[in-house]
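Asks: What TrEMBL shows for this protein is this:
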type: TRANSMEM; residues: 22-47; note: transmembrane segment
type: DOMAIN; residues: 37-286; note: domain 'G-protein coupled receptors family 1 profile'
type: TRANSMEM; residues: 54-74; note: transmembrane segment
type: TRANSMEM; residues: 94-116; note: transmembrane segment
type: TRANSMEM; residues: 136-159; note: transmembrane segment
type: TRANSMEM; residues: 190-217; note: transmembrane segment
type: TRANSMEM; residues: 238-257; note: transmembrane segment
type: TRANSMEM; residues: 269-288; note: transmembrane segment
Amino acid sequence: NGTVVTEFILLDFGNGPELDCFLFLMFLSIYLVTITGNTCVVVLAVVNQHLHTPVYFFLGNLACLEICYSSNILPRMLLSYAGGDRRISVRGCFTQYYFFGCLAGAECYLLAAMSYDRYLAVCEPLHYPSRMDTKLCLRLGAASWGSGFLSNSILTFLISNLDFCGPNEIDHFFCDSFPVMKLSCSDTRLVGFVTSVVAGVCSLPPFLLTFSSYLYIITTVVRIPSATGRKKAFSTCSSHLIVVILFYWSIVVVYILPFHDTHILPNKISSAFYTILTPLVNPLIYSLRNKEIKKALQK
């Protein structure tokens, strides 16, 4: 009831006509490549019969998630750089944060599901077809998406009930929790603590599952007697491991380590990794290191 601010101003990465033009062209290129690459992965996973396997089911889900990620953040940035209008309504800001948080939580669990799939494929290949069946794939996919949307509903409710009666400039390129809370004239200590706790709960269990899966995978690969066999076994999960490292490094730097007293510039750079760069490089990493996707793309 104490909120008098009706809109926020997102400062993005900088101001000035010359810089705006450069950033517009750069982010437009990134957005087009991201959408094209991830859409291509989704189409290949649906159309090509040889890719109707669990690993490509999860990869298709990840590509859909990355498309939503980019479309939630980059179009508004492009409009602001093109027209110079960096305003966003309070409701629009909370809506953007809600979908951002939901997608981030869903990606944590989706990456964990993918690591479990790779664990079964490498460590228990004889049981893989019976364990990782269609029902389990659908359940893991639905649980990943559902858990992300459920967890961030709590945070969005808490942040949207804060009072905003002072400055309305958000020194960030999208509506994230800590930059928005800094503008509130309410006591945000509890909300900040809950945000860090929920971020830890959403990221720590899937991270531990992912870490355990790769620990078993590495142990199994090392025991393979031939160098060719080791290389072939690890090549099936190396791309996923690269994506996991990039994603979790950014999450830890932004949400878990600093708690509330954050530095703006490092946070912007770290946030850009998992909101802009990770969706861009994911299809490149998987396609360049995956022979089946290359063959499907050629066909």
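Cβ atoms here come from the backbone N, Cα and C positions, even for glycine.
Can you walk me through where each of these features ends up in the structure?
Replies: Non-local neighbours of the transmembrane segment (22-47) in the same chain are 12-14, 56-57, 59-60, 63-64, 66-67, 70-71, 74-75, 77-78, 81-82, 276, 279-280, 282-284, 286-287, 293, 296-297; each lies 6+ residues outside the stretch with a CB under 8 Å from one of its CB atoms.
Listed as Cβ neighbours of the transmembrane segment (190-217) (distance under 8 Å, sequence separation of 6 or more from its ends, same chain) are residues 104-105, 108-109, 111-112, 115-116, 118-119, 122-123, 147-148, 151-152, 154-155, 158-159, 162, 177-178, 181, 234, 237, 241, 244, 248, 251-252, 255-256, 259-260.
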Asks: Which listed stretch (94-116, 136-159, 269-288) has the most C-beta pairs under 8 A with the transmembrane segment (54-74)?
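Replies: Against the transmembrane segment (54-74), the leading stretch is 94-116.
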